[in-house]
């Protein structure tokens, strides 16, 4: 697991933790409790504390801190830098409602609802806690937050920031406008990249607090991983949201490219090109008018069509080879030619795993999606039985050939040279024909929608397994391919 996370990676972990049964409200409570304990242990005699809170999750953490410190005997002034009616974070809403009731009954908690910058006065507290923005900053600070930052920085108090100092870019460590300058930053779960890239002058001492996130939230895929999928920009136009090429399906396996292409369209790629032998083309065209079908002469794919295929490759962002292609040696010559010649991402699936020489994939942008037997055929390696030994072997091969490997199994293993992830969605019903083609199509499409081949493969494995699990709950073990597609379309975030 990584010791440093980007803000989006942290959001993925948070959402995966909720997916694994630990609500975000629990994480907020844990964070606030840990921060309060840190202050109690390190500053037992600094009894006057001001907490400046924003309306997001960082502010919610600050509200929990206030509640716990109050119980420890501290006197708390809470500066609310937002209109409570505009709180969008549900956990912050709950904690604000609680703290408002407590303030009415406990004289050691003073609530200040700041609507105007002029309401902020010099602060002579012993400690100031900055729980305003955290990872939410991206540009110029608005009022009254901007004035609050000045108030905090001009104070003689000890300043402690929650997770990220307000105003510091959590990704690159820059300061777009102004920022809180803390003596200490109490960051949650893992250090953020911005804290590593910024000078210590702007972060103070960085202390990592454990807030109870289980390891599986990082090691296994979950709904949080869908946050990595790029959403279309409002002003985007055709061919800016991904285009792919699928090469396969001889006359005996026409359904393979249909399943793969249909899966790709669920990820909202703009264009799906398909190249198949001429005997397959008329049937495939009938399935969906969105398919852009091109045919090659004869009843199998051969290298004689490389020039035509090369022209299509120039138009697309990613390529999938092998879906229903058959294992004719002439097809193998074409596939190896493509791998050696192309500098774009290529997903190698199904029959192509029996035809492509692994040496041709060296230092290319390749994802392979084998099951166990295909893996052994492609790599000439025997898989160990133990999970940790499997991961070690896959990462060794990923490193040697610069491959992204998605090994299908009861638990899918996805590896690159440095990373690995596990996926435990899916069930025995997925042994039906076509599920591998769906996975390959999803993977190819997601290459155009994510920042890495690793993310594309990991998310694809999660999506098809998650949809299949939903289908099994609805229909039992004997669900259909259509049931999987219907559930893919229902997944929020794609």
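The backbone N, Cα and C atoms fix where each Cβ goes, and this holds for glycine too.
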Query raised in the report: Among 58, 71, 239, which residue does TrEMBL annotate as binding K(+) together with 130, 166?
Result: 58
Report summary line: The correct three-state DSSP answer for residue 166 (K(+) binding site) is coil
**Report entry** residue 436 (AMP binding site) to residue 371 ((6S)-NADPHX binding site) - Cα separation in whole Å
**Finding:** 9
Query raised in the report: What's the CA-CA gap between residue 60 ((6S)-NADPHX binding site) and residue 130 (K(+) binding site) in angstrom, rounded?
Result: 12
Report task. Express the distance between the Cα positions of residue 371 ((6S)-NADPHX binding site) and residue 166 (K(+) binding site) as a whole number of Å. Result -> 47
**Report entry** Listed in sequence order, residues with CB under 8 A of residue 166 (K(+) binding site) and six or more positions away
**Finding:** 54, 130, 132, 133, 134, 137, 141, 145, 148, 149, 179, 180
Report task. Would you list, in sequence order, the residues of this chain other than 58, 130, 166 that have their CB within 8 A of the centroid of the site's CB atoms, where the site is the one recorded for K(+)? Result -> 52, 54, 59, 62, 131, 132, 133, 134, 161, 162, 163, 164, 165, 180
Query raised in the report: According to DSSP, which of helix, strand or coil covers residue 371 ((6S)-NADPHX binding site)?
Result: coil
